[in-house]
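Features reported for this protein in TrEMBL:
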type: COMPBIAS; residues: B:950-963; note: compositional bias 'Low complexity'
type: DOMAIN; residues: B:122-394; note: domain 'NADH:quinone oxidoreductase/Mrp antiporter transmembrane'
type: DOMAIN; residues: B:604-667; note: domain 'MrpA C-terminal/MbhD'
type: DOMAIN; residues: B:677-757; note: domain 'MrpA C-terminal/MbhE'
type: DOMAIN; residues: B:806-928; note: domain 'Na+/H+ antiporter MnhB subunit-related protein'
type: REGION; residues: B:939-963; note: region 'Disordered'
type: TRANSMEM; residues: B:69-94; note: transmembrane segment
type: TRANSMEM; residues: B:106-122; note: transmembrane segment
type: TRANSMEM; residues: B:128-147; note: transmembrane segment
type: TRANSMEM; residues: B:159-177; note: transmembrane segment
type: TRANSMEM; residues: B:222-243; note: transmembrane segment
type: TRANSMEM; residues: B:263-284; note: transmembrane segment
type: TRANSMEM; residues: B:291-310; note: transmembrane segment
type: TRANSMEM; residues: B:405-426; note: transmembrane segment
type: TRANSMEM; residues: B:447-469; note: transmembrane segment
type: TRANSMEM; residues: B:592-612; note: transmembrane segment
type: TRANSMEM; residues: B:684-704; note: transmembrane segment
type: TRANSMEM; residues: B:868-889; note: transmembrane segment
């Protein structure tokens, strides 16, 4: 079996790095783009993990089934693309709402979270 | 048995509802159930004692081998008698003793009786465990009461924590035993006990559970603390029933495991230590109930040692002591309740002269205490004789496993028991010079109702002693299961002047002497250093745990999302990363590329992604993100996934449109980067390392695959599904249930977007014409105004927002794009396409129409609610999935249909096309919904007029979105 090529591995790794870098920031919009990029890279990773490139998995067009690219991860990635779209748009709505209501679109520290720790210590 | 347990539960469930009307009468109703159980047990007794074991069974979760087996053998019968007999007496007593909360208290006590019945009849380790923990839960509720005082709450919590902790150890032991034996049936396990391996460890774990439940030293602290509970609870749970669960389990397992190391040394050490230490501690308590509690710890230690020793004679002695203890200790607890009822106190120092005024109560107490001390002709005497005789003989002829020490501890324990029995009796009833006779607060109108059950229990302890042949008939069948290295011992009141009798008398005399010497001993005890207190160490452990939890919470719960994510990522880096580094198989050198086209595509993707990471403007970032997506789509195509590439292109376009529409309402800049230099560097390092890890992981993973791909099945069977496109066949046929779930999620997100934005923008679901924006700015250039009605709805737009070119294009393209979407839907089964792609193309036709004409749904003759389209799609897909059921097929299955129509010719389709149509409609509906949600809501009239009020100023970005 042929191994994964270096180019694709670099793309996947690079997209993951960019995605995580954006995800680690406080601007909600950057978070959203980070999520989008992570979605792309994960789909790509799932697809690549199944094996090297092949012919489109469509029968009756002269390709032998042995040369097909693995169709199962494709089906998974296909629905994942659509779901990622749905979640991205939902995040976008949250960004917009945060901006309209609070006047900023940043992830602020959760004060309640900190208070939990302090209260436990006091009691 | 099942019926009886269910009856306990059912009546207990009804009692609280009855209580407001029936008052105290609920206790009588409750008492009937254990009474019926007692009658049932008595009726079965002759056959069970003859060796018959009725078994009941029902499948709980048969696929997990979890089946409820209930079995009634001689030991279970004995325990059932104790539980239901004492239970009935306590419930009758409770009717007069309890002053409030009749429904709750009686129901819990009755429920407890039912749970105990289940515990002693369960013939499956896991079922037994369930009942075991249920007793803990009920005990928690009973000790806590209404949880009014801190003392109650802490005592209840301690009992719960300690016994559940032991229970968990026991569960682990049970699983190990069950796995070692290959069965969880207790009867089979004991008949054919597993040996070797981890069985000794399993036994230690089980015994830890036993020791916590039966309050054995040094895990006994919870039992004296639990004495804050009402006396009914103490008498039933903490003397007769629950604490006996550990003893019962010891007795249950002893026939199989008594000879397995380290069973016998462990039970003997812990049991005898508890016997002596408990009795010693009982001497120094001033609260009558705590005297009894320490006495109980002592007696339970004795019982565990006797049953755990595992010979016929010791088990017989154990059974007699169990019966004796249940009767005399329960009656002593109930007597204490009555003493408190009369005088308002149970402190020994404050009671005086009660015996003279309550002679009947004194007589009952004297009989019970005498049974405890082992005086003839009471049940306690039979037991004392039996165990002293057993170990006298064992010490002389036995295997030499330290039986002399056992005998010495037993004699010492008997002596101390006599001492605290006297202390109890004198403390409660004697007159004390210099102390005023304790006042009587209650004239005694309720005392009779409380005295009757006490009298019944005392009569039982007397009867068991006098009618010793009956006691032997009851106890002999279980004891006969065990090996008998000595002559079988037989119960009798008179064995002649035997060594056991002399030992017994000596112990008694020593006990009385000890009582006389108590003041002197007290002085010695005060001067000697104190042994570490179990209660103190428990408190310290709990405090330490609280402190550690608070410290950990403060250190980890900092409330910052980036910090949490960094920790998560660092974990991913460290754990799988370390595993990857430690891998000894070297990575084969990967090829540079599989197809040369990948290289430029990869370059585009990486460059745009890096630009995205450093972008400062939202619009630029959105465009760059789109570029990344298109590049990835290209890579999909190279990989041999045209369906994916198509969907990715379409989705990317739609995402771009939606983001740009929303961006109109957001500031242009992405905001300054936060964090110090150090934080930024850390962020960059963590992200880069994560990327590198994934890249290496991807390379490693692709080389280790050994199994053939599961999708060969799909490829081989795709023609049967009437399809050529394997991916589409998977989505709508092979794995249609997944798809159904996924489109449902998509619908939910669309509804969520509508709700999130719609609530802000008022009536966002209806599309309005934009308010005239001309007041704000004067455009420098205008499009030529169309004279013809290319798009009727565009007339509602202000003139400077219209464009002849775009309107004509939209008008022409819209129907063609819709036809294309239908073609993609229909041909998806054969060529790239399908419901998702078709729906997205249709959605983009509407997007075009919306961007040019300001309305998306004007193509329909009537205004159409997008939610209806999307919901209808989901309903259609679900119905298509269920339809085959009506024709006797499998749900979500498909069938090939071919028709020849006059004009169109031969048509072939599969029924899954209907499912795909549902997907198509849903995706189209979701697109429409998103357009209606993010489109017009951006500018409410007052904002457009510049009256933004408290909200931040929305930049006028309307020009950009149309261009």
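Glycine too: its Cβ is placed from the backbone N, Cα and C atoms.
TrEMBL does not curate its annotations; it predicts them automatically.
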Out of B:122-394, B:604-667, B:806-928, which stretch touches the domain 'MrpA C-terminal/MbhE' (B:677-757) the most, going by CB pairs under 8 Å? B:806-928
Confidence summary (mean pLDDT) of the domain 'Na+/H+ antiporter MnhB subunit-related protein' (B:806-928): 83
Please figure out which one of B:69-94, B:291-310, B:405-426, B:447-469 racks up the most CB pairs under 8 Å against the transmembrane segment (B:222-243). B:69-94
Same-chain Cβ contacts of the transmembrane segment (B:263-284) under 8 Å, 6 or more residues past its ends? 203-204, 207, 211, 215-217, 220, 250, 254, 257, 291-292, 294-310, 401-402, 405-406, 409-410, 412-413, 416-417, 419-420, 423, 514, 518, 521-522, 525
Of the residues in the domain 'MrpA C-terminal/MbhE' (B:677-757), how many are helix, strand and coil by DSSP? 65 helix, 1 strand, 15 coil
Please tell me whether the transmembrane segment (B:69-94) and the transmembrane segment (B:447-469) touch - that is, whether there are at least 3 C-beta pairs under 8 Å between them, with each pair 6 or more apart in sequence. yes
Across the domain 'Na+/H+ antiporter MnhB subunit-related protein' (B:806-928), DSSP labelling yields 82 helix, 12 strand, 29 coil
Close approaches to the transmembrane segment (B:106-122) from elsewhere in its chain (Cβ under 8 angstroms; 6 or more beyond its ends): 1, 4-5, 7-9, 11-13, 15-16, 19, 26-27, 29-30, 33-34, 37, 68-72, 75-76, 79-80, 83-84, 87, 90-91, 94, 98, 128, 131-132, 134-135, 138-139, 141-142, 186, 232-233, 236-237, 241-242, 245, 248
If you run through the domain 'MrpA C-terminal/MbhD' (B:604-667) with DSSP, how many residues end up as helix, strand and coil? 55 helix, 1 strand, 8 coil
Could you tell me what the rest of the chain brings near the transmembrane segment (B:128-147), counting residues at least six beyond its ends with Cβ under 8 Å? 101, 105, 108-109, 111-112, 115-116, 118-119, 122, 153, 155-157, 159-160, 163-164, 167, 170-171, 174, 186, 209, 213, 226, 228-230, 233, 237, 242, 245, 249
